[in-house]
Amino acid sequence: MSDEIEIVHGADPLTPLEHRRSTTPLLLGGPGPDDATLRRLLTIALRVPDHGKLEPWRLIVLRGDARHEVARRLTDVYTREHPDDDAEQRERQIAKTVDMLTAAPVVVVVVSRVDPLARKPEWEQVLSAGAVCMNLLTALTLAGFDGVWLTGWSSYSEGGRQALGLESGEKVAGIIPIGTASEQQKDRPRPDFDRKVSFWQATAP
Ligand SMILES: Cc1cc2nc3c(=O)[nH]c(=O)nc-3n(C[C@H](O)[C@H](O)[C@H](O)COP(=O)(O)O)c2cc1C
């Protein structure tokens, strides 16, 4: 086990997940996972339920200069695709995109690749890609890192998808920066358990 992984929040294994909180890229920086730890996190991310063993997903890892290269590419695409933005609007969007890609030391793009001809429904293939994102968030939380599941305009723009290296038919399921929060964000209101969870009461014995 890598020395870098520490069990956070004491011995109860559920406690870190009870406190999991996404971190805005603005508050993310180093350290991030070392090579061995990153490999473990990504291996765990891919250990998801996958009906029909279709593996309808893949991961693109951005580190070091790769993050800046993709940020430059997306900046060009945004500028080209939004000629009518005023300067302030453009700067704001570009800054958000650059932060998303360069603030944390590691960024993982989770790509959904649905096979419409496969014998399992497209919906289930998409859900499996969502599970990859959530597994990665859970794993990085348990390993003591911080992160956030993002998408943003680039995930929904043809130019953006090309700049990220996606092939035809592939979609971005998530862009997940991984690092360490410089400060913990205040929690947000969480779902009301009783409004969201019902226990079926059997009427017949
Ligand atoms: C598919 C998906 C895409 C998301 N994309 C963005 C995004 O582009 N920008 C953003 O601020 N939050 C985005 N979010 C929301 C954050 O991941 C996160 O849920 C939110 O900041 C609340 O934080 P929490 O994880 O602590 O509840 C997205 C969530 C999902 C599930």
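Glycine too: its Cβ is placed from the backbone N, Cα and C atoms.
Secondary structure at HIS51 (FMN binding site), taken from DSSP and collapsed to helix, strand or coil, is coil. Taking the Cβ of HIS51 (FMN binding site) as centre and 10 Å as the limit, one finds 14 other Cβ atoms among all the protein chains shown. TrEMBL lists ARG20, ARG21, SER22, ARG47, HIS51, TRP149, LEU150, THR151 with the feature FMN binding site.
Same-chain neighbours of the compositional bias 'Basic and acidic residues' (184-197): 19, 21-24, 27, counting only residues six or more beyond its ends whose CB sits under 8 Å from a CB of the stretch. TrEMBL lists 184-197 with the feature compositional bias 'Basic and acidic residues'.
If you take every residue in the domain 'Nitroreductase' (20-179) and average the pLDDT, you get 98. Annotation comment: TrEMBL describes 20-179 as domain 'Nitroreductase'.
Residues annotated as region 'Disordered' in TrEMBL: 179-205.
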**Request:** By DSSP assignment, list the helix, strand and coil residue numbers for the region 'Disordered' (179-205), in that order.
**Result:** 4 helix, 3 strand, 20 coil
**Complete:** For ARG47 (FMN binding site), the same-chain residues 6+ apart in sequence with C-beta under 8 angstroms from its C-beta are ASN135
